[in-house]
Amino acid sequence: MACAPGALGHRALWAVAWGLLLLVPVLAGAQRGRKKVVHVLEGESGSVVVQTAPGQVVSHRGGTIVLPCRYHYEAAAHGHDGVRLKWTKVVDPLAFADVFVALGPQHRAFGPYRGRAELQNDGPGDASLVLRNVTLQDYGRYECEVTNELEDDVGMVKLDLEGVVFPYHPRGGRYKMTFVEAQRACAEQDGILASAEQLHAAWRDGLDWCNAGWLRDGSVQYPVSHAREPCGGTGSTGAGGGTNGGVRNYGYRHNAEERYDAFCFTSNLPGRVFFLKPLRPVALAGAVRACAARGATVAKVGQLFAAWKLQLLDRCTAGWLADGSARYPIVNPRTRCGGPRPGVRSLGFPDASRRLFGVYCYRAPGAPDPAPGGWGWGWAGGGGWAGGSRDPAAWTPLRV
């Protein structure tokens, strides 16, 4: 039976309407798949919706980054001046640190964020936070909370940093550090304890290390790219799946009694690392004086790793570092420089009184230039560094 044109039109409209109603949840799910969106619905008016998209942003030490956060609600029911914006950092699963709070014209940053954090203020509904001079300690997850009277909503943003993970143990030997001592050791070498995510990313990038170390969450793990018996065996399954390698995990350990090495993380250098080549080998004390005479300090382990990874420092000569170890960075592997893989080679911790090596120095930005008038460094003897204009070829600063 043929339908009347009018009836067909009404049925077509109802079909389209039902199709749209069914399509809305699908579109909403797709939208949530693209960005972090948290919804709290409080009726037809006054609903607060917070969006933090993208859910992860990447910066580097010394950089400036925007932690995105936008909110929307019925402005007719509430004015924007009554909205409180609060940023916090997740320091533990159930612990938070205040970062920034704003209520109308009143703004306040807290602790280490003072002078570095401010709202972006890109129009109504923008709660994004601008963070300047990013530090290693800024790495982590942040919550953006928007509160209006009894209504609130929260979005999450993760701040990641470009950098490098490096294994570390002090002169005392392997497996000597508690969790707190590992934190301190990383800080002394211009780093922080790496996160499990950072260690996993380093493993995917080829990090292979057969000694277990503390991570920032209190777990103990180690990355194995090439499975072998001394490193968990050839049949162990790590975080990467399969039996050919992975991140071996000892789980969460007693942080005051058990002792391991550390996996540290560091990021971009604000200054530069360079190598000073002596006329004759020097002891560690002489290396310290040589760097000081060049307006620099002896480089830390993390600074050398950052110069190798991020500034491509390549030098096939061992040099003293601040912790008393001797190392050298290789970007382009060659046989005479430690084997077929790039990395920072370590010669361990030689006797500091022995005259064996040159030195890797670190010069911070804005450090005063050495006194003009020759190549002298203000000290004589004690290592035989070239002085004056007598032998300018006897030292080699490598700028990166």
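Glycine too: its Cβ is placed from the backbone N, Cα and C atoms.
Keep in mind that what you see is a predicted model, and the values were worked out from it rather than measured.
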Partner cysteine of Cys144 (disulphide bond, per Swiss-Prot) from Cys69, Cys210, Cys231: Cys69
Member of Cys186, Cys210, Cys231, Cys361 annotated by Swiss-Prot as disulfide partner of Cys291: Cys361
Cys361 (disulfide bond) versus recorded positions Cys69, Asn133, Cys144, Cys337 - nearest by Cα: Cys337
Cys186 (disulfide bond) to Cys210 (disulfide bond) - Cα separation in whole Å: 19
Composition by DSSP (helix, strand, coil) of residues within the domain 'Ig-like C2-type' (47-155): 9 helix, 58 strand, 42 coil
Shortest C-alpha distance to Cys210 (disulfide bond) - which of the recorded positions Asn133, Cys144, Cys291, Cys337: Cys337
